[in-house]
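Enquirer: Just passing along the structure, written as structure tokens.
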Amino acid sequence: MPNSEPCVSPLELFNSIATQGELVRSLKAGNASKDEIDSAVKMLLSLKMSYKAAMGEDYKANCPPGNPAPTSNHGPDATEAEEDFVDPWTVQTSSAKGIDYDKLIVRFGSSKIDKELINRIERATGQRPHRFLRRGIFFSHRDMNQVLDAYENKKPFYLYTGRGPSSEAMHVGHLIPFIFTKWLQDVFNVPLVIQMTDDEKYLWKDLTLDQAYSYAVENAKDIIACGFDINKTFIFSDLDYMGMSSGFYKNVVKIQKHVTFNQVKGIFGFTDSDCIGKISFPAIQAAPSFSNSFPQIFRDRTDIQCLIPCAIDQDPYFRMTRDVAPRIGYPKPALLHSTFFPALQGAQTKMSASDPNSSIFLTDTAKQIKTKVNKHAFSGGRDTIEEHRQFGGNCDVDVSFMYLTFFLEDDDKLEQIRKDYTSGAMLTGELKKALIEVLQPLIAEHQARRKEVTDEIVKEFMTPRKLSFDFQ
């Protein structure tokens, strides 16, 4: 809602959001054009931001506003916090620097991954911390100290992460949780379960069941190409595994019984027009957090804690999971949260597989990578070479530099690039060239590994079985 209309009441805003939400859903259901849907979604986000600015809290479906919240939060640094919008489906901010993650930690009630925790992980594993930890890419956690306590006392835990297979080709941003999860599996030597939520994508997207399942299998090949240990990793499709495992389905039903419709409406913004499959799906994403969902691996034990590496937008699912866990007699899962991988056009939103120009795909050729980076990567450089040499570039908003923080292993080289670009010694074209030289071999090597993943290997990873780990 434009700022020039201060007469609009919070209740009117609330009703406008509900109406706009219905419009978005009807456009999606009616297979409207992408531009039309995107425009409606942007209007919905704008209305929600205006509501938060007026009320001091997020919009919640079926919770009409009472009196407006105090306006003391409208200070000089309030704007970015009010304009950050994060949920499992949408990530949006007006800041070129991206989401304010410190404020997101406060809003979500998680804990910052500080130097002390990173040092403790290093002591426990005897390994140098992964660059994602060193650089704050994994920046937030829930109960990681508890996992380390268990590990140091020789008590087991397992890893759980996942992928929503919405397309055949994955982009480089999708690799982030898997690169880090592989490192965790290697340094802690623990089993891993990977959920492919093909059922979710069928419910949310215009896909057939067969398409959703085929995407799950194709995406599994990219995940396997990250190098996971076949003896310690189980990848499963929800559409497959739900019918195979009574332990998994029993946990889904337990969770469903202990979470109300009102709770999921408050957490996820569901409305009366959403299909019942969407409303019950969070229980399916929650169930792998409990070890007896995998009796073939954990022998019906219920006391083995789970550690979930994921992007911060998935946290609402696991806040719900952690809330319900003690009520059904299970330990709460621990979490490690990552930042978002920005779109080529800037950090205002995360990279999307639906927009080919916003993404570097794992199927892209060396030429396509070069063209996309040179043509579309948002620059923090100046308008002219003379100005850039004099004033330097801005690494905080430059997408090429952001990508290097994810993929360039050498800390010293990254710091030198930062200094050279900030001082003006390095030009935007040179920075983009440095990124291209990192991305091209990384993706070519991934493609070579993926070619070696046969249908038989996928089947073995996706077959329920005992893993090579002895739980005492």
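Placement of Cβ uses the backbone N, Cα and C atoms for every residue, glycine included.
Remember, predicted model here, so these are calculated numbers, not experimental data.
The following feature annotations were taken from Swiss-Prot:
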- 9-65: domain 'WHEP-TRS' (DOMAIN)
- Lys155: N6-succinyllysine (MOD_RES)
- 165-174: motif ''HIGH' region' (MOTIF)
- 350-354: motif ''KMSKS' region' (MOTIF)
- Ser352: phosphoserine (MOD_RES)
Enquirer: With every protein chain in view, how many other Cβ atoms are within 10 Å of the Cβ of Lys155 (N6-succinyllysine)?
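Expert: The answer is 14 other Cβ atoms.
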Enquirer: According to DSSP, which kind of secondary structure is the residue listed as 'N6-succinyllysine' found in, if we only use helix, strand and coil?
Expert: coil
Enquirer: What average pLDDT does the predicted model assign to the motif ''KMSKS' region' (350-354)?
Expert: 65
